[in-house]
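Student: Below is the structure I would like to discuss, written out as structure tokens.
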Amino acid sequence: MFKHVTVLLEETVDGLDIKPNGTYVDCTLGGGGHSSYLLSQLTEGGKLIAFDQDEIAIQNAKDKFSSYGEQFIAVKSNFRYLSEKLHELGITEVDGILFDLGVSSPQLDTPERGFSYHHDAPLDMRMDQEAPLTAYDVVNNWSYEQLVRIFFQYGEEKFSKQIARKIEAYREKKKIETTGELVELIKEGIPAPARRTGGHPAKRVFQAIRIAVNDELKVFEEALEAAIEIVKPGGRISVITFHSLEDRICKTTFKRNSTTPELPPGLPIIPEEFKPKLKLITRKPILPSDVELEENNRARSAKLRIAEKR
């Protein structure tokens, strides 16, 4: 069963300031938590289009929301194709868009998907199981320098070089086939005192490989820019991030689009192309409450930012 505890549920959807007859997009359907709450606030004229690249998530949502008929449309696609897929549906503007950038718990908890360092499984980590690049390819074929870069940039791993050296030495003798093998190599690359602090020693490297396999940061950056263009004036965008790099992309994109650039003094009016596109609804990110953190440990790194189209 596709179960998933939704993070910052009400804050994210209520932050969109739902119009009951509006058209909305959930870019990250997952277990359907945000979609379910959003659909419950729509009248017959309202519509929700939900994206996911996971076939199981799509089928689950079609069953779960079948009573909504044509009000709910599930699109099996990466949200990097947000504009194209909406245009195919004849939709050129919407009233609100939400992103929840966490990996859905069913993906983490399904051992054979290879996302988890708690289960031994083939090295996969693809959110779209038809995509060509896998974690196996990254771990076995990428150069030492490439591995160091992603471990450091995407995982903020202090021992990136040591871990990459262990991987490089091991794969000269034998291909690294499973998550279990990779976990052991990561542990060998981290000094014993450091292994005992800061959660599971493989956490940061697994995150880095997952981001690389799915090209997550570039995809999000492009999709957020597209969302700003698609949302109507007065419409809103809600974004939940779980990683400092994702949050930085969201923060800087929102800030850049909500401020007026420095213009030559004495201009009688601000040219239209220089007027800010957005108004920030959240100056600082909204964080999960203590109650939510007690109920769902995976929410601990979540941050919610909301902006409104001018």
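Every residue gets a Cβ built from N, Cα and C, even glycine.
According to Swiss-Prot, the protein carries these features:
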{"type": "BINDING", "residues": "GLY32, GLY33, HIS34, ASP52, PHE79, ASP100, GLN107", "note": "S-adenosyl-L-methionine binding site"}
Student: Rounding to the nearest whole angstrom, report the longest C-alpha distance spanning GLY32, GLY33, HIS34, ASP52, PHE79, ASP100, GLN107, listed for S-adenosyl-L-methionine.
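Tutor: Pairwise Cα check on GLY32, GLY33, HIS34, ASP52, PHE79, ASP100, GLN107 gives a maximum of 18 Å.
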Student: Below 8 Å Cβ to Cβ and six or more residues apart, same chain only. Which residues does that give for ASP100 (S-adenosyl-L-methionine binding site)?
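Tutor: In sequence order, THR6, VAL7, THR12, CYS27, THR28, GLY30, HIS34, ILE240 meet the Cβ cut-off.
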Student: Please list, in sequence order, the residues in the chain of GLN107 (S-adenosyl-L-methionine binding site) that are at least six apart in sequence and whose C-beta is under 8 Å away from its C-beta.
Tutor: ASP54, ARG113, PHE115, MET127
Student: Counting other Cβ atoms within 10 Å, pick out the least crowded of the binding-site residues GLY32, GLY33.
Tutor: GLY33
Student: By the DSSP assignment reduced to helix, strand and coil, which category contains GLY32 (S-adenosyl-L-methionine binding site)?
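Tutor: The three-state answer is coil.
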Student: If you run the three-state DSSP split on ASP100 (S-adenosyl-L-methionine binding site), which class comes out?
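Tutor: Reduced to three states, the DSSP call for ASP100 (S-adenosyl-L-methionine binding site) is strand.
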Student: Need the DSSP three-state call for ASP52 (S-adenosyl-L-methionine binding site) to compare against my parser.
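Tutor: Assignment for ASP52 (S-adenosyl-L-methionine binding site) reads strand.
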